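Structure first, then comments.
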Ligand SMILES: Cc1ncc(COP(=O)(O)O)c(C=O)c1O
Ligand SMILES: Nc1c(O)cccc1C(=O)C[C@H](N)C(=O)O
């Protein structure tokens, strides 16, 4: 595959026009949108307007006039179609970590008498830490570690809830959501999915799969900006009964009645806690405008095309790298991971040459493909830079051996 052929694929890409809506620095191929999505140009304007007009001029009246109070529900209703949820089932607030705690607590409350939580050993650590915290605070509960291969054998009548990430943050491996949810629910347990690496990366059908609860962040493929608030989904059939213990006033049935005791709000609002980080919703809402112009089926088709092309080019040109992601596109998300003992130095050398991926210990090189702004020529250029890093031995520079504190 030549660079010219990649350009032809880009010319036929139905999402191509969306790239111009993003602020992307020149000379950079950005393959870390699975960690922090790129900046939509309109997001900078929107946040600026919120600061100047809504905060500066509207002052406290903006809680009503500018709709600040309803942002968690409004943003949730706009994310709902991207994850196969109905209006009223999704709210946006807090972080994914905090939302894991809430849905685990809600799930445990729906399965009294069952004392076991199953958690994927390969799940992103914060999910595991929050499950430990919830089990300790609400328990005692026993946590049993599973993998995709051992899950079925671990399901028994003691299991209250199962928490899995649909797409593995390191390998990009993807669970079969429909089949796994059915398996878990057939055992009488509650199914909780973490969609951090799914939302905006591939079509998610929460209700079609009968999922109970889900959480996910908005700063990766949804491009909401650094630290933009996370979402939480609760299936409508659970909304009347589900309770979560972080009973803050924004989840109260009548926050401005200032009642002395907590009464949960109707619907998913009961999963809210305190005052929303209003300005952080500005970037997210601007980004969600772009999502209305994108067909998620096109997003998936392009994602498969980009990731498959990257695997092919890198395997041809960098035989030193071992593919870690599933080769079958059905079984992977929108990222590609390779293994190499010197992965850290290789990633740093590639970043210095304009190809921004990231490294996950102990030896994973990770590249995310956000179909709204990554092109096939970007993929070609990234593989070219990686090949150059090997051919020139650039990664051997001692400067690349020194680990940075973050990311
Ligand atoms: C699967 C998964 N869950 C959770 C998180 C993070 O959660 P939080 O936004 O609370 O830091 C990440 C990435 O940061 C993730 O990849
Ligand atoms: N959430 C992050 C953060 O607070 C700092 C640095 C990176 C992140 C990330 O999102 C990492 C990402 N979840 C991952 O899959 O590794």
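Cβ atoms here come from the backbone N, Cα and C positions, even for glycine.
According to TrEMBL, 96, 97, 124, 125, 126, 127, 194, 197, 219, 275 bind pyridoxal 5'-phosphate; the candidate from 55, 249 that the record adds to this site is 249. The C-beta environment of residue 219 (pyridoxal 5'-phosphate binding site), restricted to residues of the same chain at least 6 apart in sequence and closer than 8 Å, consists of 36, 37, 225, 226, 227, 228. Summary: among the binding-site residues (96, 126), the fewest other C-beta atoms within 10 A of the C-beta are counted at 126. Put simply, residue 220 (N6-(pyridoxal phosphate)lysine) is 16 Å from residue 126 (pyridoxal 5'-phosphate binding site) when counted between their Cα atoms. It is 275, among the recorded positions 124, 220, 275, whose Cβ has the fewest other Cβ atoms within 10 Å in the structure shown. Counting every protein chain shown, the number of other Cβ atoms lying within 10 Å of the Cβ of residue 194 (pyridoxal 5'-phosphate binding site) is 27. Residue 96 (pyridoxal 5'-phosphate binding site) sits 12 Å from residue 220 (N6-(pyridoxal phosphate)lysine), taking the Cα positions as reference. DSSP classifies residue 194 (pyridoxal 5'-phosphate binding site) as strand under the three-state reduction.
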